[in-house]
Amino acid sequence: MSGSARWLQILGLGALAAGLAGLDFSAPLSWLSAGLLVLAGLKLAEARSLPERRLVSLLTLIGGGVQGAQQGELLPSLLQLLATALGLAGLLALEVGSGLSWRAVLRRSLAVLLAALPVALVLFLLVPRIEPIWQTPNLRGAGATAVTGLNSELDPGSISSLADNTGPAARVSFSSGTLPEPAERYWRVIVHEQFDGQRWKQRELPSNRLVTSTGTASDPESKASSQVWLVEPSPVNAMPWDGSGRANPNQLRVNRNGELQPLQASRERQAYLVRATGSPQPWQQRQPSPADLELPAGSNPQLEALGASWRDLATPEQRLAAAKQWFTQQDFRYSRTPGTQRGLDVFLFERREGFCGHYASAFTALMRAAGVPARVVSGYLGGTWVRPLSGAPYLDLRHSNAHAWSEVWLPGQGWQRIDPSAWATAPASQAEGSEAGGSTNPIGSWLQWLQWQWWGLDLAWSRWWLGFDQAGQEALLQRLFGDQRQWLGAVVLGAVAGLLALALAWLQWLQQPASRDQISRELQAVVKHLRRAGVEVEPGESFEQLCNRASRLLPASASNLQELARCHNLLRYAALGKQERLQQWAAWRTALRTINKATKSTL
């Protein structure tokens, strides 16, 4: 096997190995990808015959396709494209031997990819989507990998531990390209209903209590406010969203508490599209359960007494107003470092200093004591608005944006968000929040800027890739065919056949034998090398005569000059097949390189 073919295959396997880093190995396809890579590597090490060497490239191509079925983000897609191009190049290098340079081999492999692109595009647009074949087990049980971020359990001080964690949590872009209003920048993730007097826990809901958002993805307003999310790995089986809209039902479901849950739990980064519908969300109107009023008796007696004093008020709205008035009249302070506080009574009546978790926990418990159904919600608040040089603006959410607030049930209104943290006095440095590019370290600021630019490209790619989901395809097919879907199969087959014919014709045209103009250019290169050695072309001299005369003047290069003359006569005058022509060009270039080295050494 030629050295160039072997190196191309090694690089292709390297691209596949790099792509393994982002795979979720709880899924069978991930192990299939790893197995294909190991098999290809072993075959490359032992390959001796041409069929065995071809198998290495074929395994590389299959491995790239398997990885593509699992990851659609920008970086994995680029690695898959690189592995595919290198796999094709390695296969082509094996077929032509040393007849082409590695640059020419890469050019031809890219031409094959370009020829296949229209076919892939037609299949992507028109072939109906199917539901996932592989199911991933729930990762929240034993053996789940610990990942930084929100948790299904919440005590008053747990979110403060994330206050200084600037690691990425999620990114979201909006089709409108504008930043939502501050009141709309609450991104819910987990609903905590169970309370033991100190800690809040997420209540497990039966799988049959999942609900689907109402409305259709083709609503006019959905196009103006759709959201593309890229979410980093999280230890919880819930995704951030604003609580409204419609996600791909084959990927996500909304449960009765308004949690957006993936059908396939995963340890890898999640990407999804949420389309606005303008319709009421079923979870917001769901009647409260007994768990939304549970309060352990005696766990916080002062809190219970204060809440019970509001039960005499006629309506939940009045009790809510009384709680707000009580908080604003006290000297509560908002702090990221409140220290350890044992019990909500200590926070409410002694320390009166805490983070968002303290306020949400205390207010929710007070509402339950007052007879108003309430629960704690954890998620993210705000974010940094980034305007990359390329791609649409997006909101960058960090773990430091983690936040907790309350939801109360009001008759006729459903579940309503209440953020009691806003009733406390915050230091100016905390109230202002962070700004893009605010780092005082020049190197850190520059690296942050580069990261934001890359994420902008990644998000733009995901918007295009994810925006054409099952609902988007259905809308396209409806515009193209209406109710005449019986012709869809014939159209797909006809389009694929026509594009394949065009692609093959284009590739055949690219592989036409070299023209006389190309031979003339190669002759000029030989003349240039001979002039460097002091051999000038005489008037009326043929190329074969020039090589014979140069052989006498340059005896060290005589055999290579005679080889050039022989190859020239065959390439210009003989009726050679494609393989024979490639072999002659390989011999030509080998002889020319040898002469070039010899002429340089004599200077």
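Backbone N, Cα and C atoms are what each Cβ position is placed from, and that goes for glycine too.
Residues annotated as compositional bias 'Polar residues' in TrEMBL: 209-228.
As annotated by TrEMBL, domain 'Transglutaminase-like' applies to 348-422.
The annotation region 'Disordered' is assigned in TrEMBL to 206-228 (among others).
Residues or ranges marked as region 'Disordered' in TrEMBL: 235-254 (among others).
For 78-97 (among others), the entry in TrEMBL reads transmembrane segment.
Among the features that TrEMBL reports, transmembrane segment is placed at 109-127 (among others).
Among residues of the same chain six or more beyond the transmembrane segment (487-507), those with a C-beta under 8 A of the stretch's C-beta atoms are 111-112, 115-116, 118-119, 122-123, 126-127, 477, 481. Under the heading transmembrane segment, TrEMBL lists 487-507 (among others).
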Worksheet item: In the predicted model, what is the mean pLDDT computed over the domain 'Transglutaminase-like' (348-422)?
Response: 91
Response to the item:
Taking DSSP helix as H, G and I and strand as E and B, the region 'Disordered' (235-254) has 0 helix, 7 strand, 13 coil
